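Engineer: Structure in C-alpha cells, see below.
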Amino acid sequence: MVLISRKGEEEGDVVDFRGNPVDKSKTGGWLAAGLILGIELAERICVMGISMNLVTYLVGNLHLSSAKSANIVTNFMGTLNLLGLLGGFLADAKLGRYLTVALSATITAVGILLLTLATSIHSMRPPPCDDYRQQHHQCIEANGGQLALLYAALYTTALGGGGIKSNVSGFGSDQFDAADPKEEKAMIFFFNRFYFGISIGSLFAVIVLVYVQVNVSRGLGYGISAGAMIIAIVVLLAGTTFYRFSKPRGSPLTVIWRVIFLAWKKRAHPHPSHPSLLNGCQEAKIPHTERLKCLDKAAILDEYAAHEGNRSNSWIVSTVTQVEEVKLVFKLMPIWSTCILFWTVYSQMTTFTIEQATFMNRKVGSFEIPAGSFSAFLFITILVFTSLNEKFFVPLARKLTNNAQGITSLQRIGVGLILSMAAMVAAAIVEKERRNISVHQNTKLSAFWLIPQYFLVGAGEAFVYVGQLEFFIREAPDRMKSMSTGLFLSTISMGFYVSSLLVTVVDKVTKKSWLRSNLNKGRVDNFYWVLAVLGAINFLVFLAFAMKHQYKGHQHKSPDDSGKKEFKSSNIKTVEEMPEIIRIEAREGP
C-alpha cells in the first residue's frame, strides 16, 4: 500500500524538517527508518501486554464476571483499531504522519502510566477474595469509582495506539524513495525488519511482561511498557532532523463524505437523460457505471452548479470520477462484512481462551506458565505460516494455477474462514473435556491442549490478513489506496465489537449460565459451538458474495488486446512488489 502511494507522489511533496526539498545524503534511509522502528516495537509491547492478560486481572483481582471482563477487553481492542481511522484521517488531512505518530505515542505513554496507577493503588481494587468465596460467587466486585481510572487508562491508550497503528509504517516507508531502485529495494528490507519488530514486541509482551504482571507486580509490568514507550518517543524526537516528511494530501474519507452528502442533498433531482450530462463525464478516469445510480446525483449539474466557477467546487458538485471511486468503495462492503466474524473468533484468544488456561495444568516441572503467556503459540504460528505462505504455499499454488498470485485474495480469505470454524470446534471439544475432567475426576487437563485452537486461529490469520489487505489494495480506487489499512483495521474493530455483542446476548439469553467466572460451572463450550455455527453461515454468505464479485481488472475491458496485456502485467507487478508491505500492514491490526 505504501509503495504505491509513494510512487504516486509528485516532486515537492517530500520535504525535510525545515520544509525544504530533501537532501538524500542527509535525510531518510536506514538511520531515520531505524529510529522510527522503536515506536512500533513499544506500541506492540504496550498493547499486547494489556490485551493478552487483562482478563485475568479483571476476573481474579477485580472479581468481575467472565462476560463483563471479556467485553472490557474486546471493547478496548475494538476501539483501538477503530481509532486507527481517526489517526489516518488526521495525518492525511492536516497533521502529517510525523506529528500524528509523535502525539499518538505521547498519548499512549500517558495511558499506560494511568494503567500503572490503576493497577498499583490498593484503593482501586476491591478486597481480596479467597477460593471458597470465589467458587460460591461471594466476592465483592469492583465498583464504578474503582473502574473509572482503569477505563480512562484503557481508552487513552486506545486513542494513542490507533494513531500509531495507522501511520508509523507509512512514516517509516517515507524514508525511502520508491522511484529510486536502490532505495526501493531497501524499503522491502525495512518492512522485513518492521515485521520482525512487531513479532519481537508481541512475543516479549506475552512471555516476559505477562510473567512480570502475574508473578511480580501488575504495576511493574505496565510500568516497563510505559518506560519503553517514553524511550521510543525520545528516540523518535531525537531523529527529527534526519527524517523525510510527506506533506498531507487530504483524506479520501473527505471525498466519500462529500459524494454521499451531495447525493442526499440532490436526492429530489431527476437523473439526466444521459450520463454524459453528468459533471466531468467526458474527462472521467473511471468509466461511468449504472450500479448505485443514487450516487450519480452528486454529479448532477443543476442551475447553480452549472456555473463555470462552481463546476470545480467539490462541495457544490462532484465529478463522475469521484462518484465512481465511491461506488468502488461501496462494492467492497459485502466482502468487508463477511471478514468481521474471523476477528470475532480471533478475539476469543484474548478472553475465554486465557480464562480456560487459568483452570488448566500449566506446570512444566516446577515452573508454572502464566495463562496469558500461552498466547505465544498464536504469534509463533502466525510467523511460521506467514513464512510458509511466501516460501511454500504461494509458489506451489502458482505452479498449479499458473497465476502470479498463486491463489486469489478471496480464496485466501475463504481458507482463513474455514480454519476459524475449525478452531472453534477444537476449542469447544477441548473445553468440554477440560470441564468433565475437572468436575468428575477433580484433576486438571494440561493447558497444552489449547495449542490446537491457537494453531488454527494463527494459521487462519496468516491467510485472512494477507487476503484482506491484498483485496482492498487491488480493488480500492487508485487514489484511495491509503484506505486499505483503514478498511482492514475497521474489520478487526467490528470483530471485537461483535464479540462483545454476542457475549452480552448469550449471557442474557442463558441467564448467565454459560459464561460464568467459574468455568467449571459454566458452558463456554456451548458458546464456542455458537461461534462455529455462525462461522459456517458466514462462510456460505461469503461464498455467495465472492462468486458474484468481479475483480476491478475485469470490469472494463480495454479496446484492444495490447491494452489488456498492459493492464494485466501492471497488476501482476504490483502484487509481486507488495508481499512484505501487505504482511506488515496487516500485522498492525490486532
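Heads up, the Cβ atoms here are built off N, Cα and C, so glycines get one too.
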Engineer: For the annotation transmembrane segment in TrEMBL, which listed range does it cover: 72-91, 252-271?
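Structural biologist: Spelled out, TrEMBL records transmembrane segment over residues 72-91, not the other listed ranges.
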Engineer: Does the transmembrane segment (526-547) make contact with the transmembrane segment (328-349) through 3 or more Cβ pairs under 8 Å, each pair 6 or more apart in sequence?
Structural biologist: yes
Engineer: Pairs 6 or more apart in sequence, C-beta under 8 angstroms, 3 or more of them: is that satisfied by the transmembrane segment (97-118) and the transmembrane segment (194-214)?
Structural biologist: no
Engineer: May I ask which of the stretches 72-91, 194-214, 369-388, 409-430 has the most CB pairs under 8 A with the transmembrane segment (485-506)?
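Structural biologist: The stretch with the most close Cβ contacts to the transmembrane segment (485-506) is 72-91.
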Engineer: Compare 72-91, 194-214, 220-243, 369-388, 409-430 by their Cβ pairs under 8 Å to the transmembrane segment (328-349) and return the stretch that comes out on top.
Structural biologist: 409-430
Engineer: Considering only Cβ pairs under 8 Å, which range in 72-91, 194-214, 220-243, 409-430 makes the most contacts with the transmembrane segment (369-388)?
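Structural biologist: Answer, by Cβ pair count: 194-214.
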